[in-house]
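These features come from TrEMBL:
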type: REGION; residues: 1-33; note: region 'Disordered'
type: COMPBIAS; residues: 14-33; note: compositional bias 'Basic and acidic residues'
type: REPEAT; residues: 65-116; note: repeat 'RCC1'
type: DOMAIN; residues: 66-457; note: domain 'RCC1-like'
type: REPEAT; residues: 117-180; note: repeat 'RCC1'
type: REPEAT; residues: 181-234; note: repeat 'RCC1'
type: REPEAT; residues: 305-356; note: repeat 'RCC1'
type: REPEAT; residues: 357-408; note: repeat 'RCC1'
type: REPEAT; residues: 409-461; note: repeat 'RCC1'
């Protein structure tokens, strides 16, 4: 999604996948050796004498619609009664009081933005990712509402004219962006080794919204499982959260887990990413879009076709030949030569959408999530998915599943069927297959959000162009 611009001068506990590579525990032989692993000339902050003022096109639909859900509901993440364990076919989420314009999911919770700029959430709340306490009452008489609640911003947003324009969600956190460029959030960041370590203050889980202070006006937010990215109006990218597999893009392998001498505060304080200059001729880079996957990210360079990526790469899900984590985002050679619109990542795989509607896949292939039937190895480089019968406008991924949204409003999915979330039962699907069911056949889908075990679809009341 290219921005427009002007220019100015100057109760059940969750389980977690093990994602850290075995060799991430390697420590330097001489702890007193302070020699930098990457030289000052190799790593740059994205700054420029001429600063563009960027703006991102709205990430919500113009006219609100209804929400459908499919998959497993064990933590109430589908917004349905706790008596409903799963749904093989997409069903309407009941009792949503307003029309919805944006949907996002964490692995085990869901967040909705309404036409009236209210935020509702439901699902797992063991680390306060919902921003309310609706499902903390185990004695609730209304099971349909036990996991559903509205987030109250009255303590942090005092300007009645300040409106929420975007939401994003991770494993145990949720963040929102307002039209003033401010960011608010709740829950906590966590690591696979140390558990929860706080959102804005060390070891404090936020049950209610708090402001996340970023030094600039922010125009887009993105969340991975355990980290967050912020794109500023001047084309700079900030990060905070867990960095143990390089997903913060600013700490080396020896400081990424604990923050080095600065400790946890270095992780949770939003700070500028640093990028590797190898293969880049531009003196300074600015970025026009950001995309977060489970444990990695992609950055689109301003006015260029270059894509930088960082984070976990153990199945080549970033497009690099090496399977080592990428601690400082670097240009991805395998992505050169295309004009990219969007990236969507699962746990170990990635889909990439070009401006002309072509979809490529790379990374892990075991469960069919790459959309190619006869693969015998993981894909190091992007491979075109050719058997899509319609023009594509959007892509989404879960841990081991993939979704393609056609301009017609139809949805194609493929990948792991364990949790039913791809809409085709328990069978693994190797190539894109049209989702067909009672509600999917009569609705025009406008947006898709995929968790670890469930999927949400936003269906507009009337056709809207993508």
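Here the Cβ of each residue, glycine as well, is placed from N, Cα and C on the backbone.
Automatic prediction, not curation, is the source of TrEMBL annotations.
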Exercise for the section: On the DSSP side of things, how many residues of the repeat 'RCC1' (357-408) fall into helix, strand and coil, could you say? Expected result: 0 helix, 23 strand, 29 coil
Fill in the blank from the handout: The DSSP breakdown of the repeat 'RCC1' (305-356) into helix, strand and coil residues is 3 helix, 23 strand, 26 coil
Exercise for the section: Mind looking up the mean pLDDT for the repeat 'RCC1' (117-180) in the predicted model? Expected result: 88
